[in-house]
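Colleague: Take a look at the following structure, please.
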């Protein structure tokens, strides 16, 4: 056995299966496509599900891949052990109804023993206990020693997930110190002790499990294999853990260099070093695939990983931002197989640095709050932190709840998860509502995805808006039908169509389908998971049946407006790169007949001057009346010509390139004008942030742009009429009015202060004494926070000894302040505790120091009730 680098193992594997007539596919994105059962791709076969289920036709019946994967199910163990990690690569070879056991078992043995040259006396094989066929092949088609083959039960060697495709599997294992194993029992024991490790799983998908629990044979069985690249590298490099594998150790060494820590010298530091080493790999690949930090979904997973790694950097004594610098090491070791990493290097680093800086802004304050919570819990001999406090750390300071749990665990404290989940309910409901019912293989369980794969629709809509065709499929009420009549709504599929199906941010076409006997309104047009074009229709007249000859006609005016907006989006993209910077990348878009929306990577608001310049450039390109050309070419040729590709798309070998003069060139399957002059005019309506590092521009074109300008002009005219001036005088008039209002506001505030001073005497006259402590409390009207604090200071100073609690209803908001002299604090008074109890009654919350605290409330009607509780609260605190 010769030592092999991780990258070398990957290449040897893929080359081997290419030699067996497999198509090598690049790794799919970590973001699942058309699979709502997964947040992130977590297995080699996950992106290939549509091929296994028959929903899509594979590009080849034999495929081999090395798939990047992220799993965070056992993230709490990452770092604590040297085995766990969130990022890994899974090598696999797959057969979609082509070869089966008789081919894959000898191939697996050939690769293992002849390419990797693993010693045969170090290898073991397991099979499903009833799989005599697999045993026969291992014994008679390879030179594997039969004594080293063990039959195991369903739990170990049968792959199934609920109902549907399933089957037995055979695994190849490597002896890492077990010595000679003679029985299944000895084998299982050695595996549990990690003395024998599994490195390749061959799954034979040959059954379909039905609802009665029967295993029915599949007509076309499949092969699905998986070999963990990192685990294989530990074997080939004779190291104990993934953190000692060449490419991963390079990252670990950089972490040690940045922190000044030495690996394997301090158990606690080793945990932090491993966490950072693992997490930066996941972080780099996730951002490369277009995922951005957020508080929901996969963006939350990324934020959690990033902030967990940043926090462990601080544990190692790294007090500045550092994670973005580790990205270079990850990319240097991976870019040959993942060229997108190099292409997006600067973008990835900017996103990481931005998130690090945001976390840095809050972590110190958040840690101080958390430390206070820990002290409070311990002082009260509690073992649980309340859910509302954990939620405050999450909501205000950006602490993922898992990070809070991890820190608390070190102190022997847990979180009230029920209380936290209650606080999180709104966010969780939003996330849950976005999910639709799916089956276990990830496809939406709908009749629309069960259309015969042999039925194809040719799209002719680039050049035509009206075509003749035949009806291939009719769907109504979630069933395939032979006909559909007036008043019904459903789906029609034809053999060819001019209707553009919603895709790439462009909305689907509308129009009509008709013949002499019927007429249907097309209200939408989409694609199903296998790419079939679906016309969503309402039958207006007559009846339509399968194989009827029909005419399909697109709403021309609507399509033309969509074209204008789509081409304008391309010009906008190019203008943004020119004005804002070449880091700009599209992260989403939406184009319909009324407006366009463009999301792009940028790290701050686009300035007014920049927006004006962008708008000017776009209109300049429109006025040039540039020809808009489309050309189908090889993907590599398109890239060489500088065509912009979408951030997270995987493209076929041949792509459609849309060019607007020599100003813009993008890969695009949408519909466009033939000349930029047809757009007419372009106006930006808004610019805003939608996520960390992502901005959004909304704009209108043509007549909608004219309507927008007219609307703005009408507002100016109405404003001038209200101020009784002409439009030229409007700005001067407004400035004068604003200055006048500010003077009036100053006068009003001065009057309020006078009133507050008058209230001071009344409050002092009504002081109560509770257990030897003077208490002044009152609700005052229309005083802002500053004035309320000033009033509190005066009353406390006048009292010389005591506590004062004031509340105010200011512009519909409730404000509270509490102050106490030092001697009353010594007697047990704690303003933070008082203010928390009082503010809760008015629907608010807050806290602070023993001698001073402030809070807010939501219900002005409860202000008086809240103030009435002050004396009771003080009484409960005074010793």
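Glycine is no exception: its Cβ is also placed from the backbone N, Cα and C atoms.
Here Swiss-Prot flags 566, 570, 668, 672 as Zn(2+) binding site, drawing on sequence analysis.
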Colleague: Name the residues of the same chain, 6+ apart in sequence, whose Cβ is under 8 Å from the Cβ of residue 672 (Zn(2+) binding site)?
Modeller: 563, 566, 567, 570, 628, 630, 658
Colleague: Would you mind listing, in sequence order, the residues at least six apart from residue 668 (Zn(2+) binding site) in the same chain with a Cβ closer than 8 Å to its Cβ?
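Modeller: Long-range Cβ contacts: 504, 566, 570, 656, 657, 658.
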Colleague: Determine, for the Zn(2+) site, the additional residues of the same chain whose CB lies within 8 Å of the mean position of the CB atoms of 566, 570, 668, 672; present them in sequence order.
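Modeller: Everything else in range on the chain: 563, 567, 569, 628, 658, 660, 666, 670, 671.
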Colleague: Inside 10 Å of the Cβ of residue 566 (Zn(2+) binding site), count up the other Cβ atoms and send me the figure.
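Modeller: The answer is 25.
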